[in-house]
Amino acid sequence: MGTFKIISGTSFLPALQDKSSGDFKVLAFDFTIETPIIIKCCQNISSSNNRFTPLSCLTDHFLFYIASVVVIFGLYLSQRVTAEKIKNELLSGINANATDLSQTLKIDVNSIEITVSQFSIVVKLHCCFIVIAVLLSISVECLPPAEVCDDGVTCIGKDLFCDGILDCPDGSDESEKRCAAICDGKFMLTDSSGSFHSMNYPKPYNANIVCQWIILVPQGLSIKVNFTSFDTEQFMDNLNIFEGIGQNKILRGSKPETVHIFSHEVTARFTSDYSENYNGFNATYTTFNASELKNFEKVSCTFEDGFCYWIQDLDDDLDWERLQGSTFPFMSGPDFDHTFGNASGFYISTPTGLGVEEGRVRLQSLPLISSDPSCLSFWYYMYSPNIYRLCVSISEYGLEKIIFQKEGNYGKNWIYGQVTLNETSDFKVIFDAFTRIAPSEIALDDISLTEGKCNESNYVEPTAFPIATTTASVPTDCGGPVELWEPNSTFSSENFPNNYPNQASCVWYLNAEKGKNIQLHFQIFDLENIYDVVEVRDGRGQDSLLLAVYTGSDPLPDVFSTTNQMTVTLFTDKISTRKGFLANFTTGYHLGACAAEEYQCRSGECIPLDNLCDKLPQCEDGSDEEKCMRLLNGSANTEGLVQVRIGKVWHLACADDWNEKISDSICQQLGLGNSNMSSTVFFTGDGPFANITEENKGTRIVGGSDARREAWPWIVSLHFNSRPVCGASLVNEEWLVTAAHCVYGRQLQPSTWKAVLGLYDQSNMTDTSTVVQNIDQIVINPHYNKLTKDSDIALMHLQYKVQYTDYIQPICLPQKNQQFLPGINCSIAGWGAIRYEGPTSNILQEAEVPLILNEKCQEWLPEYTITENMICAGYDMGGVDSCQGDSGGPLMSEDGNQWVLVGVTSFGYECALAQRPGVYVRVAMFVDWIQKIIYYLDFP
């Protein structure tokens, strides 16, 4: 490798940091003309000694930083040349080059430096590898997660250091000085045998360490890793053995067993966590030549010493496990191996434990040489009512043929199997186990290959047990609630993959260590759509927050908690059932769909936090430019100190750091300076609200009278799959307030909803005053609890802003925590049932009901818990009430010259019974949440 400095003819420009810029391309072109200096150097070296003939010449890339210009080049020759000879030839080439360009781009000959690197000679095949860079006169700073090489110029990814592959031009990314493991001071192991061990071995290793070793042996050889001692904290402190080096290495072993790697390159990596530390391990490695192995050596295995020469199939989602003793759950799988017949011996099994997914588990041999007939024998174990199939196949010329197959439950014993092999070309032997949902383990042991055809077996041919035609009754609580911790992190609905029970209410509590959070993944999901749901909550108990409600069929996005606990609940109805679900979870620090320094758009993509509120939408849905203002320390929701967000930072209006850029941003957020923009008014009457004149109304919705045509211009009819199901209230030109129970289980596909505004008669939706809008977003309040009915409120977003008319107007929100006194008459309206379980009304109905104390409401509705988030209305003698189909509609009160949304129709006991009032969501308790969503504000 060499460098020299250009002292005139070019200078640094910011555009040079962009490889697509014109400035960059011009300079790159100029240097391609200057390249003959280096090529002449190569030619002079080759002509002086034919042993050093260059193989090729090329220009690779350009790197730019601030300050003087330096050329970095590498000469990669077939044999070693001294640094002095290279330098002399380069000086001759510079002096001999008399182009106009070389006079413009003047080289400082005193800056020439040559370094001979053995890596370059051994590894590279290029003669002239040229990199031109503009260097800092001080050390270069690389953007994270990149780090600088020892040449002070080149930046490469942090994960490219110490991975066994040279990425720095000077090879410093793989130097022993940088990469020697803190465990034993070793890094690159190149002898035909050697060892490596954990830190302080045989004493306990340190916490929070990472050690990595690279084993490189001559091509054509393979590597065998053994352990003379192995004592680490299970699941927490791990030693992984990879086939290969660099970023494309393949995990081949992570357990204390002999590992055969069929490659001349191995990466070993040990990590420990912050907790308990054990005595560690001592590993040795040796080489072997797989091509010299005999067929019987490749096949025969008792699994006492690892998997011998058998290879797991990387294309399968599941792997064979090497086990001792009994499997879990009991009543499936072996209690001991076949070799020794006790718990000390090893065998291999398909994955064990509850909740293992369906799939194929494959084990294949190395290529076997065609020969005279031979006998493949093995012992297999297939015991479980849910067991499926074991196949043995031959792979030849890329085609597979099954030579042995068993299916079903063969009882609690090891069974002998054999088959004669008589192939005329090279081939592989494959063991395939096909699993159903656990327990369905299939086990293998004592595989061998002997010369000659198989003799008639002395073992009785087994008979599969008949499959039971009936199943036991399934508990509707799924045996729960169930507490789950890693590694027991897989769970499923009761009776999975067979149908779950009706009227089930099953609870799983997922737990992580303090400080960690949880990622939940559904591998299989198949529920009756809408009526059977899985609810996921952040935390547990009454204070947990709703994260997701899933129904129907997969695929589904993963769910992330913010705490170290998660609650998963399955609710099913009494009619139909499906297969259910299979799920697992992992725990970690700051798990999430986006990185810590990223923002997740409502449309799903991740963008840098710096791009928030920068007046340039990067999210498809524009959500990165929405919540850019908030109010602080106000006594009411329309008062307080204004803050505006730019990127990650909140700026207080007119504070010391206020500047013109912030002013421009806040003016844009407020809509000032653009006559075509409008702003929403939270509570005052300055907006285009309708003035309502009170007239005599019918006594009730249930059996009540028709409303006037223009009486309630904010009421909206919600249609799901083209059928009216609930009501809602328009609170600004694009948002509706409704009940959470209306959309619960129906929110995954907002496009199945329609909002009908300005509607009076359900049978006349083509009226010119009626507008039908699509819904593109549904937000359920995170405190909503299906069981207690608390916080039964949700928001729905219209696909397009609606134009206000005489028949379409918004209703005002109350002030935060505004009190509405008992005895006040409030109005209700809707198209719901006119009597309990009776027909609905086509014409909008209206009525008045008085508010009552929550204590009185609790007395009259003892089967429910009436919370501060609820408000009740109704008469002692009944007769006036909202009913089925009115849910989500408004409970309204006139306040001066405007109408206020007091409540949202939630639930009751039948309809209009005496001392059975209707229960509504107390909207004043949710004003902050509503404003945070619909006005894009952020309350700290």
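From the backbone N, Cα and C atoms, a Cβ is placed for every residue, glycine too.
Keep in mind the model is a prediction, meaning the values are calculated, not measured.
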According to TrEMBL, the disulfide-paired cysteine of C613 among C594, C628, C654, C667: C628
Disulfide-bonded cysteine for C619 as listed in TrEMBL, from C601, C606: C601
Integer Cα-Cα distance in angstrom, C606 (disulfide bond) to C619 (disulfide bond): 8
Where C613 (disulfide bond) falls in three-state DSSP terms: coil
Averaged pLDDT score, the domain 'MAM' (299-456): 86
Number of Cβ atoms other than its own within 10 Å, given for C594 (disulfide bond): 16
Integer Cα-Cα distance in angstrom, C594 (disulfide bond) to C613 (disulfide bond): 18
Least Cβ-crowded entry, counting other Cβ within 10 Å, from the disulfide-bonded residues listed as C601, C606, C613, C628: C606
Coarse DSSP state, helix versus strand versus coil, of C606 (disulfide bond): strand
Cα distance (Å, whole number) from C601 (disulfide bond) to C628 (disulfide bond): 14
Between C619 (disulfide bond) and C613 (disulfide bond), the C-alpha gap once rounded to whole angstrom: 11
Whole-number Å value for how far C601 (disulfide bond) lies from C613 (disulfide bond) (Cα to Cα): 13
